[in-house]
């Protein structure tokens, strides 16, 4: 989250060179007495007057296991004792039987890491990629350690996969590019860094390539000068978008790693970027806005034009997601709400739904389901029915904020009897664990203390009370 203006002014006095990025301590990390930058998004400047009182902090989940959390211990599974997974800093815990011929929603397993918090996830087939503040990217297969690779610096804040290439965004403002071996998928090799050294040297020769990034400080426009918060690919996977706390979005051509464009997108940190709707790009920021950009191809390059502002509010926009059918845009905010816009209504606000008491930190979609992870440690599962969203279940088990989500639909051979779809959900948390859930898309919605999707007019009428509630929580 974005710090207050006063906080940011304190940081602006320190110099930032082209090879390093200063670390900032977000205000919201005080909620759980967490380490600096744990939440990995920034608060809006209009909602940062003071820290949250101690009594506002959500209590940690308690377990009947002495004085320690059950997630910090590995189960005694003899079959894993001699495996590489057993010797790794991660441990696997199977919480549910492997028979998938039944309808089940709940925890399937847990991967507990002792080295650091989980900031990013990406799933591709039977492989799971996890990024943490230890600078490692681990690759998992069938809940066992399969491979891994390490960056030189910068905790891993975003991971996205484009065929055989893997892009990782880091705290140091760099994007690292990795490639999996075609012969041995367990072998991953770093093949580059964005921007490339050659591109930086070439751009640095012309004064016109420098832009002002801080008072009395200039940098070449192809570089991010603050942490990368989000990565997204165009629908044909030919263009990579990177969002940063430096208020910009940069556009990269995947084929040759060239930076095509830098968009000065917002007045505060950009917390999320997502491409969709045939050539549109959506950005969400700590300044409380969601903006739409229209992409046009110009020769071998691109040009993005501002189209419209979908949302303008006091609280920070923390996450964005577009459903698989590219018909609905979802937006999570630090007030715990999820707003949505519908393509067939010319991006008019369809409504909002609420299932969390604290900030929504991440969103994911699959089929007609939407998943929201929150600082309240829970994951809400929502089903879209026509234009309504109903909460099917709340996945509880993390003892820290849920920072990232990834979803894969089960294969046909694993689907339950009756043809109902099931999904595998991966959740990464600041409790240093990755949990694996099985979710059924079938079932009656919950009714207790859950606000289903409301209309545009209802949303507008509740804006005042929502803003007041956000200010009381000091987001």
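Any Cβ shown, glycine's included, is placed from N, Cα and C.
What TrEMBL annotates here:
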type     : residues : note
COMPBIAS : 1-24     : compositional bias 'Low complexity'
COMPBIAS : 452-468  : compositional bias 'Polar residues'
REGION   : 1-68     : region 'Disordered'
REGION   : 452-475  : region 'Disordered'
REPEAT   : 221-262  : repeat 'WD'
REPEAT   : 263-293  : repeat 'WD'
REPEAT   : 353-382  : repeat 'WD'
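Broken down with DSSP, the repeat 'WD' (221-262) shows 0 helix, 23 strand, 19 coil.
Model confidence over the repeat 'WD' (221-262) stands at 96, taken as the mean pLDDT rounded to a whole number.
Secondary structure counts, DSSP: the repeat 'WD' (353-382) has 0 helix, 19 strand, 11 coil.
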